[in-house]
There are 2 protein chains.
Amino acid sequence: MEKTSYLLVCLISCLILSFLASSWFLPTKPELPGCSKYAPWCTASKNRIFSKTGFSLQHKSTDHSTETPQHPLDPLTVQEINTVRTILSSYEPFSSTIPSIHTLSLDEPDKLQVQTWRKGDPLPPRKAAVLALLNGQSHVLTVDLESNRVTSHVINPTSGYPMLTTDDIMGAAKVPFSNAEFNKSLTARGLSSSNSLCITPSAGWFGPNEEGRRVIRVQCFATEGTSNFFMRPIEGLTLTVDLDKLEVVKFSDKGIGIPVPKSSGTDYRYSAQEKPPQMEPLNPISIEQPKGPSFRIEDGHMVKWANWEFHLKADQRAGLVISRAMVRDSETGELRNVMYKGFASELFVPYMDLDESWYFKSYMDAGEFGLGPAAFSLVPLNDCPRYSYYMDGVFAAADGKPFVQPNMICLFEKYAGDIGWRHSEDPLFGSQQIREARPKLTLVARIAATVGNYDYIFDWEFQTDGLIRIKIWVTPYSKDEQWAGGLLVYQSKGDDTLAVWSERDRPIENKDIVLWYTLGFHHIPCQEDFPVMPTVSSSFELKPVNFFEGNPILGAAPAFENDLPVCRPSASS
Amino acid sequence: MEKTSYLLVCLISCLILSFLASSWFLPTKPELPGCSKYAPWCTASKNRIFSKTGFSLQHKSTDHSTETPQHPLDPLTVQEINTVRTILSSYEPFSSTIPSIHTLSLDEPDKLQVQTWRKGDPLPPRKAAVLALLNGQSHVLTVDLESNRVTSHVINPTSGYPMLTTDDIMGAAKVPFSNAEFNKSLTARGLSSSNSLCITPSAGWFGPNEEGRRVIRVQCFATEGTSNFFMRPIEGLTLTVDLDKLEVVKFSDKGIGIPVPKSSGTDYRYSAQEKPPQMEPLNPISIEQPKGPSFRIEDGHMVKWANWEFHLKADQRAGLVISRAMVRDSETGELRNVMYKGFASELFVPYMDLDESWYFKSYMDAGEFGLGPAAFSLVPLNDCPRYSYYMDGVFAAADGKPFVQPNMICLFEKYAGDIGWRHSEDPLFGSQQIREARPKLTLVARIAATVGNYDYIFDWEFQTDGLIRIKIWVTPYSKDEQWAGGLLVYQSKGDDTLAVWSERDRPIENKDIVLWYTLGFHHIPCQEDFPVMPTVSSSFELKPVNFFEGNPILGAAPAFENDLPVCRPSASS
């Protein structure tokens, strides 16, 4: 029923990001605080200022404690998460021991229910999908928030375990320090427990003796003299830890004699810079909209801008989910379905290095850690331009309590000085000289997920001509200059894949299509990456082909001087 | 002597744009007015207003009559072009007949001379390179502007002819109307000379009977009821015209019975639109710099911005030329050579259609028509953002007289709300919560060349992290819906080529390298193209790898709220 002739698809179910990285990479766990620990965050995000740099981490403070769902696809509210927790705590199988909650999110209604729902209609039954771990078993539950009952409960019959919790990660990271061999290794390097810390690289099962148990590798760093401990790895020192018993399964130190990199030059903070870069000073520049942005956000999650409407929400695993993207036909005014659901299904980082302390690094950052909690608060004016709207995420911690990930999504109108369409006519032929041009305006929804020493920026960009661009920016660290040039640089824009899809253009008309689009990077470290590299990006586009009857923005007005803002420099600049 | 480890090259000599287009394409001749014809333009560009749309075609008016060259690479001035013309008119071989001038531009000094030249030094001898046509022979001359003599003169011994002049094109376009068969064809279609016009598609030699003579195809259009005659082709009607004798060599009409497309809906002008598109109105948005842009232009052509310096000039063939691009080392402050010369060598549009009225369409728009004169005045606020600087081109007409192509280049600082670099630190590991991000700022030099019904936008973008992006935007027309879906869509970003180059990273160090980069598009028309399509783009990047000691913008300051402009809506909006 979703009429479309979009070049690629009318539906993306998954966007797989395959990050083939060769640089030093150690993902830490995402920030998944329990409410007890981060009380102020639990039901309201507060406005905090970093005095050192002077920018605010967010503009507004939203009270989530009273939120109620407005749309079938709205994420679980604080109240709903609390209700689910209450239901589970009185659920008979868990009466003796409360399991640890690894996933607690909306169990989305069927597509047809969502599509036929209209504003004002009662919401379809609200349900929660829960993944809980108890005594080494994964419990998959559905909790009905109308009947307040567990309506489905199976124990995962196959192998594999749910997403890691903060408790898992923090627990495993502490284990080494009670291990004699480990402490001997620290001492041998002139380190101690007071100036070193450990984190957990990717989980996984490697070999029969790891089957049927949750194990994880633990690696460590020297912390002294830097805010950037990733630059000071204790190379070759790897422990395998049992996540449930919290004990060392295997100890390996092949790194004696490998010096720990020094801390000098590793601090990237503005407050730590001694001299500005050698360049002419830049005058302030800003995207200005004194009348405010042109988009509206209705009922918390419905975004309306120009000829676009879509549902935008935070997601614990995917980070950000776009649902029910619809574009208004420039001729008929009809609101037409384009994409039912779009999100990142995984962020895959295989190192493909056989070394004993590297072979297991084959991350699935979305599935193992979750991109949502890794999407820390965006920095206004620097992560997102002025006039951005910031959206929080509401997730469940390991104890089942809700917590707020403040300002993890920004939404902004983008004008880069580019051209939407143009044409000139030569006066020697045409009856008159013609110069027609239109500025290019787009709407961007963005998150920036920090997984360990990597930052991933996800942009979903909507153009008034009907095109959707999915652009990923990455800023991995390099280990150090020793790595430079060891491999080839190749950053694929993925167009070969697009080409393949476009060949299938005709057959997709009026069909529901699921696209797994793999967008790949291959990064070779170089000096310019140190200690934090400039962003590099890759993208792909969903483009309407014979979807509209003509150029949908032909009738758009040009920009006129007398419509533009009147600005003056700020007092301070 | 040009130390570099740029990922691709330290020198681009040529950028080839291969435009594989399948859409309806008929390039008209570039606007090459002689001074006699366009007196006001000859030595000064005037400010003209289009009352219908209300935007000015340029901001400033520059008097070029008194310009003198300041840099070895500065283009020939109005005075110098006049001098060359005077020298040629008294040059003995041309005393009886003045040849037609097809190219008249600076004969650039040797690279070493340019590199060793310092501001304040006398300029190397100024010379003009001239291509003139007389009695069917191509004369290649060098004119010395110090001795005021022709210092070199050879007659092109090989086949091939120079760039077409306005006289060539206008002359050929008139020929059909004095041809009886042609007028019969018009009448047969209910047309007449009063409501039709002809233009010249690409030149070329096809078959032995065309050897040794300058011939060109001529095709025609109905002009009634539209400002957009390209949408009303007289299909199948093709004449071959001798450019020197101005007579019909061959007449072919295979199009009787093919209706001329109707004019309705073809007018793309804002003033001709009856209704706005079906979308929510957009508030004014603008890149604002109340303290002005951060770049400086010294001596007319030297651009200085942030850590970049380069020479920017208009060029009759290439449209725009970047020379001596140098970046300041963020550590040492040293100004380091990156790219000696960058420009588009050709814009190749092969149709590869065997049909009698299509087979000859294999355009070389730069070499046949010249991108410079095709780069009509940019439209402020729509082709380029506010605070853009506009640069004129000074070229020679067929009669050797200088003329000004006003506002054909714009230069602007770009801020798109994107991120230069960022990193967050997880408070559970780091001693404190860290959120560091920097806005991404770039400098763009742009031209927009209109060749017939195609517009080509060339962006040369300079980033503070040392990366240069060459991005091409195109807006071809489609013929009409009959063409839709006839071929595959494939738009290459050209990264495969980049990959090949990057493999040669090490060997290129400290070497001068010439890169011919082929950037390709393949366009299949669709409904959304009608009557003018939204821009599509493709780009490639030159990226520093182990060129700097570290991230060159690590020390850059973040944006602070209190530095940003204070804006209010304009009275009218």
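Glycine too: its Cβ is placed from the backbone N, Cα and C atoms.
Caution: TrEMBL annotation is automatic and unverified by curators.
Quick caveat, the model's predicted, so the values are computed rather than measured.
What TrEMBL says about this protein:
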- B:1-25: signal peptide (SIGNAL)
- B:71-152: domain 'Copper amine oxidase N2-terminal' (DOMAIN)
- B:162-261: domain 'Copper amine oxidase N3-terminal' (DOMAIN)
- B:286-471: domain 'Copper amine oxidase catalytic' (DOMAIN)
- B:ASP365: active site, proton acceptor (ACT_SITE)
- B:TYR454: 2',4',5'-topaquinone (MOD_RES)
- B:TYR454: active site, schiff-base intermediate with substrate (ACT_SITE)
Counts of helix, strand and coil residues, the domain 'Copper amine oxidase N3-terminal' (B:162-261), according to DSSP:
31 helix, 30 strand, 39 coil
According to DSSP, does B:TYR454 (2',4',5'-topaquinone) fall in a helix, a strand, or coil?
strand
Round to a whole number and give the Cα-to-Cα distance in Å for the pair B:ASP365 (active site, proton acceptor) and B:TYR454 (2',4',5'-topaquinone).
11
Assigned element (helix, strand, coil) containing B:ASP365 (active site, proton acceptor), judged by DSSP:
helix
Can you count helix, strand and coil residues in the domain 'Copper amine oxidase N2-terminal' (B:71-152) using DSSP?
21 helix, 27 strand, 34 coil
Can you count the other CB atoms that lie within 10 A of the CB of B:TYR454 (2',4',5'-topaquinone)?
26
